[in-house]
């Protein structure tokens, strides 16, 4: 088919018909007044969403309804302004008389929205305007009657409006919404206005139990606000929660250090019964407070009567007390509070057998260690290490500290309390506390701390410890109390020494057959036996108490050598050649031991004796150290003189060399050797070298070291 006829037909249809006039297409009917109002209402809601106050006022002036409402959700202009935080728009709407009690289709009123969003200012404005809103509930109604003049247009973006309003449970009150959203200021305001805490929503939820669904810190804060209100409010709050909720709050209060709230909880007798309950982590509230270092909570719990001896579960906290936990984590303030309350808790051991002092020392918590020592912790308390060896607390402290001597001095300095006045001022007061040195005042182990120091192997620690003024004062005070006992001990040793000497003299020196000598010999033996027994018994406590120090002490060896030799003298069958030697050595050692005993007297004479033995010790140490010099000259002289007198054997030669350090006897040594020959040159050269090295160098070294 050809296309031309079709084009012709179309052109004929398009051409105007003769006698007819062309008219414009029919116009759409004009909008009704109701449609204009709906459009303005939509624009009003949009201006609120945009936060444009100027447009909002213009649209109001153009005729928009002050109660403009979204058709879909039933949200009013006031509710939307509250949701958007437009306080200026809210104020203007209230001035125009907008009703506050209007709810949307979900039953949410403006006051609910303000509380849910935490807007305290608007909440106060609404409640000031209408106090009946205080306990109003969210009541959803599907058949809400809305004024048609207030509706927005059907093609408005209703979803954007609906999304601005937060969801709420049916039956919720403002106080419940404030709690659910953790708005503390709103909670406080509502409680101040006496909001009802007993109203529940349709799910049976009331404000107080709902708090536990909030963040933990917010939970405590909200409960603190509630507990700080009137008695009626607290009673209502207590009635609405169960005991297990309260116990959970007890642990939360401790966890976040809310001591005031904790105190309020513990006023409830039902809660106080569970104050020592071990939680899921195996710790009680007091354990938790000590671990976290909350001093205020620890004080509150101790005032409530919490047990300081209660131990945690073995796993994971090793059966520790509160003091163990505080010491391990270095919370010195908590440690001080606990030991002030009960010092006996420092003696408690955990499942590993460690006292709090051991725990603090192993963790390097020096401040905690010092606090416990100043309050009487025992330096001698022992633990068993991984190798099965016993260690005292002092050893653990010294080996765990970077500067042990300085730390020990710092602790000893802390036992002195001075009021700050000059020494010559009559108001000057200095108090010295001996808790460190005497941790168990009523115990037989009251000197255990000193014994622990004596048993410590490091000499420098012992020197700084016993030369500290506090220790010197303590020992002097002790000396004044026990000097009578020491005097009796001295008398026993004098009797022992005199009787031993008399017995030996009567056997080997004074061999008179007279009756007087016979009586004297018998009496000396009678006195020797009990004095020996008393001297041995006196030593036994020291052997048991200061074992390590006692074994290392030279005086101990002198004592027991004396006792052993005296026993041999007493029971031996005299006369015998070997008993003569034993008796002579026993007598010498007994007099030396008596001298050592007298050195213990705190007097100038005792100091001189100490100096004597110190010099003797130094001399012997040097002589032993340079023994190869004496041995070298001993063998040199023996060889040079071909074993002639007085160098016939090594022992006589050695003694002669030692004597020559003080008396050379040069003439008799080289008598008959003269001239310039090999024997003379070699012999005199050796003697000259001896004189230089021994007589000049070594002897002067000894003198210098001695003084």
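Backbone N, Cα and C define each Cβ position, glycine as well.
Among the features that TrEMBL reports, repeat 'ANK' is placed at 73-105, 170-202, 281-313, 318-350, 352-379. The transmembrane segment annotation in TrEMBL covers 235-254, 484-509, 515-537, 557-572, 578-598, 619-641, 686-706.
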Quick one: DSSP breakdown of the repeat 'ANK' (318-350) into helix, strand and coil?
23 helix, 0 strand, 10 coil
Which whole-number mean pLDDT does the model give the repeat 'ANK' (318-350)?
94
Tally of DSSP helical, extended and coil residues in the repeat 'ANK' (281-313):
17 helix, 0 strand, 16 coil
How about long-range neighbours of the transmembrane segment (557-572): same chain, 6 or more residues beyond its ends, C-beta under 8 Å?
496, 500, 503-504, 525, 528-529, 532, 535-536, 539, 579, 582-583, 585-586, 589-590, 592-593, 596
